[in-house]
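These notes are about the structure you will find just below.
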Amino acid sequence: MKNDDQARFLFGISLTDKPKWQQFLICSSGFFFGYLVNGLCEEYVYNRLGFSYGWYFTFVQGFVYLFLIRIQGFTTKQMVNPWKIYVKLSVVLMCSHGLTKGSLAYLNYPAQIMSKSTKVLPVMVVGAFMPSLRRKYPVQEYVSAVLFVGGLIFFTLADANTSPNFSIIGVIMISGALVMDSFLGNLQEAIFTLNPDTSQMEMLFCSTVVGAPVLLLPMILTGELLVAWKSCSEHPYVYGVLVFEAMATFIGQISVLSLIAIFGAAATAMVTTARKAVTLLLSYLIFTKPLTEQHFSGLLLISMGIVSRLLPDSKPPQ
């Protein structure tokens with residue numbers, strides 16, 4: 001866990017004067033709310049409506065972010081970092097979002113969850129070797145991560161038997177997103193560490209402004225821009241779903257940036273993995289999919305991962 005005494009606020013709520021557990025609870029609650037809504041909206045748009053324009057949807061989402069950030073009162077005069085520091089982060093962020101959303105056209109939602117859940121371990125490995133971080137994690141955290149990942153994989157392998165929807169293109173896309181995710185949280189943490197005055201609004205604003213043009217290249221090369229524009233124009237209600245999803249995801253994004261700034265990328269990756277498990281379970285309950293014994297075995301492993309993560313460190317304090 002990071003020791004960060006820098007003043008932090010989340011939508012007007014001061015986090016600095018609160019104990020760590022309250023900070024964690026507030027940030028996690030905002031993240032869970034935002035991304036639970038995001039997950040349900042994504043499954044509805046991709047699997048129920050049959051739309052598969054990941055790059056275009058990410059592009060539209062970026063404009064909603066900018067509008068919401070402006071409403072929050074953020075301006076470029078409040079920036080504390082140069083624009084160039086966000087170039088690498090923006091490319092990684094937009095590629096991660098675009099590949100993740102686009103993969104849903106070729107994988108069902110649980111299959112995507114299975115792949116994305118494994119990012120906990122790469123995030124920890126990259127954080128250990130990134131020069132600006134050099135994090136060291138106790139064995140207990142690695143064991144917890146393995147249990148988490150194993151449980152989600154076990155759960156979603158069961159789903160492959162009940163509602164199969166796998167494609168090599170989807171596997172390639174989600175693998176690319178996984179690589180991007182392993183760097184994303186650590187790059188964000190590195191910026192917060194190098195300049196603690198960096199705000200969550202600044203990071204999201206600059207990442208969106210710099211990263212939005214990056215999305216134009218794959219949209220133009222694949223022809224998705226015109227096809228998606230035409231399809232969404234014929235079904236304008238899709239934009240309503242996208243705006244609603246983006247508003248919820250905005251809350252989740254600011255909350256997860258707060259988690260990274262205070263607790264670090266690895267701890268945040270564990271929270272995001274737990275969210276995936278909850279979203280996956282809700283997907284089964286809301287869309288009435290069958291649950292098998294293998295599903296419950298996966299949930300048991302996930303629960304063991306949570307318990308092992310919450311256990312106190314056995315080493316005496318130095």
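Placement of Cβ uses the backbone N, Cα and C atoms for every residue, glycine included.
Record features, source TrEMBL:
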type: TRANSMEM; residues: 21-41; note: transmembrane segment
type: TRANSMEM; residues: 53-73; note: transmembrane segment
type: TRANSMEM; residues: 142-160; note: transmembrane segment
type: TRANSMEM; residues: 166-184; note: transmembrane segment
type: TRANSMEM; residues: 204-229; note: transmembrane segment
type: TRANSMEM; residues: 249-274; note: transmembrane segment
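Within the chain carrying the transmembrane segment (166-184), a Cβ under 8 angstroms from the stretch's Cβ atoms is held by residues 89, 92-93, 95-96, 99-100, 102-108, 111-112, 115-116, 118-119, 122-123, 125-126, 160, all 6 or more beyond its ends. Proximity of distant same-chain residues to the transmembrane segment (21-41), defined by a Cβ-Cβ separation under 8 Å and at least 6 residues beyond the stretch ends, is recorded for 8, 10-11, 13, 15, 109, 241-242, 244-245, 248-256, 258-259, 262-263, 271-272, 275-276, 278-279, 282-283, 286. Counting same-chain residues at least six beyond the ends of the transmembrane segment (204-229), those with a Cβ under 8 angstroms from any Cβ of the stretch are 51, 53, 55-59, 62-63, 65-66, 69, 74, 79, 81, 83, 86-87, 89-91, 93-95, 98, 250, 253-254, 257.
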